[in-house]
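Q: Once you've had a glance at the structure underneath, I'll fire off some questions.
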Amino acid sequence: MEYQDAYEDTNMDIRQLSEKQETLLVILPIPSAILSIFGSVVIITMAFKSRQKTHWTPYHGLLTGMSICNIIFSVNLAVGSFLYPRETSSRFWAFGNEASCDAIGFFNQFSGPAAMLYQTMLSFYFLLTTRFKYSDSDIARKFETSMHVVCLGWPMLSAYAALYWGFYGERKINMGCWIKIDIPENCGPDGTGEPCKGILYNVVFGATMIFSCLVSMIVNNVRIWAYVRKHVQAHKERLSFARNAYLDATEQSAGTNGSSKKKNAERSPSQGAFQRLEETQKQHQEKLQKLRTQAFLFVGGFLLCNVIAYSLRGREVIVGSGIGLKELPVTTFPFLVLQAMLYPLQGWVNMFVFLRPSYLRLRTSFPSESKLWCFRHAIFGDPEDCSNRANEPVPLKGGTRKVERRTTSQTAKSEEGAITSGNLSAPDSTTESKEGKDSRRSVVDGNDHQADPKESPERSSSIVLMDGSVHTVVSADMDE
């Protein structure tokens, strides 16, 4: 690589990177920012469509706020490298001025911390819905307003304070302008010898909040993981105890009254009630595990996009000023490339995490369709294609299954609708209408005629697409 092929001016400001290297660092954030903007727009659109079809939840509110901040941040990172002050910057592509640098610094200080705080509040939301069993209505009434005030209040206040005090300027390895290291100007051993106060300002305006958010997200997810693990284990022990007690009672009844009593006991309502309880407990465990996975994926995506950028920013603060700071872009160039690709990509990663529950349900309910089809319908929910497959039998091992189409009004508040729309929290306590339950009862056997419900146990699952329709998949257990 070509490193120091530039000049040395009167201020000893050495341009360490070659023109090709700087061009690469300028161009790489642009496609990542475009993908992030697209992903954020998809999340916002789906959140508002969910509001029209069902109801607005704190989960959608936090995701919408985070996505708006990610859009601002991605745009800022894409254009920030072009808006350095032309008079003072040694960058090849700089054609801005002090005012443009201040604008980039302001939006960096506002949108970046705001998106991080929304990510942190999202982890608190998952903690409240799992560990403390808060419903969406309780969170909306007690916490949601405060969450938005915290997420927007501190970033806006700190951004205006830094602008008022003139803290914004060009950084050596930060993407775009932000709070300068050399405050006051020419500080450090190569200048006036005065200590650089910019390091303290970086800690106050950036490092403190970044550290607090990271610790909060990690602690919240560890608590969610521990609770779900303990909860699932406790359910398994209780079900095992209940199963053993039922079998003991059955054996005693059979031993006392003969084999006919045993057959009657095996078909008794008690066994059916126990099986329903077991199925309910299993569904509840799966729901908690899905919620835990969703929380971990959001935090994992955040760390993927931000950990390199925060590490480079911390390295710049530690180096401080002088020749070491001027040589920093050369020594960290491979990490600067990763930062340029990953730092603006947060909205794109969030979109995949948000769509994951809907995508998995589509894959399960439409196994004959391609992954691309499921992904496209998880985003757009084409009503024409879905209606064409609404009553189309899908081949299964030992039989077929039939896909029924219902309107959202029948299951607007059902648990399935809440999970597949992205909200994995516990739904409000509502009961499904008798018509909605009866519409699920359609079992098709291997000869494509309707089977007797008493002879074939039923299993059903629902998926919610973006057109507002709910597809219920009902299958007969033909293996038995």
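Cβ coordinates come from backbone N, Cα and C, glycine included.
Taken from TrEMBL, the feature transmembrane segment applies to 24-48, 60-84, 104-128, 149-168, 199-219, 295-312, 332-355. What TrEMBL lists as region 'Disordered' is 252-279, 386-468. Feature annotation from TrEMBL assigns compositional bias 'Polar residues' to 420-430. Positions annotated as compositional bias 'Basic and acidic residues' by TrEMBL: 431-458.
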Q: Need a quick answer: max count of Cβ pairs under 8 Å to the transmembrane segment (60-84), which of 24-48, 104-128, 199-219, 295-312, 332-355 is it?
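A: Most contacts with the transmembrane segment (60-84): 24-48.
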Q: Going through 24-48, 104-128, 149-168, 295-312, 332-355 one by one, which has the most CB pairs that fall under 8 Å from the transmembrane segment (199-219)?
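A: The listed stretch sharing the most Cβ pairs with the transmembrane segment (199-219) is 104-128.
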Q: With Cβ-Cβ distances below 8 Å as the criterion, list the same-chain residues six or more beyond the ends of the transmembrane segment (332-355) that contact it, or say none.
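A: Those are 1, 17, 21, 24-25, 28-29, 32-33, 35-40, 42-43, 46, 63, 66-67, 70-71, 73-74, 77-78, 115, 173, 175, 294, 297-298, 301-302, 304-306, 308-309, 311-312, 315, 375, 378-379, 422, in sequence order.
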Q: I'd like to know if the transmembrane segment (104-128) touches the transmembrane segment (295-312) in this structure, counting it as a touch only when three or more C-beta pairs sit under 8 Å and are separated by 6 or more positions.
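A: These two stretches do touch.
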Q: So if I exclude everything within five residues of the ends of the transmembrane segment (104-128), which remaining residues of that chain have a CB under 8 angstroms from its CBs? That is, six or more out.
A: 58-59, 62-63, 65-66, 69-70, 72-73, 76, 79-80, 83, 96, 134, 139, 143, 147, 150-152, 154-156, 158-160, 162-163, 167-169, 176-179, 205-206, 209-210, 213, 216-217, 220-221, 223-224, 291-292, 294-295, 298-299, 302, 306, 346, 424-425
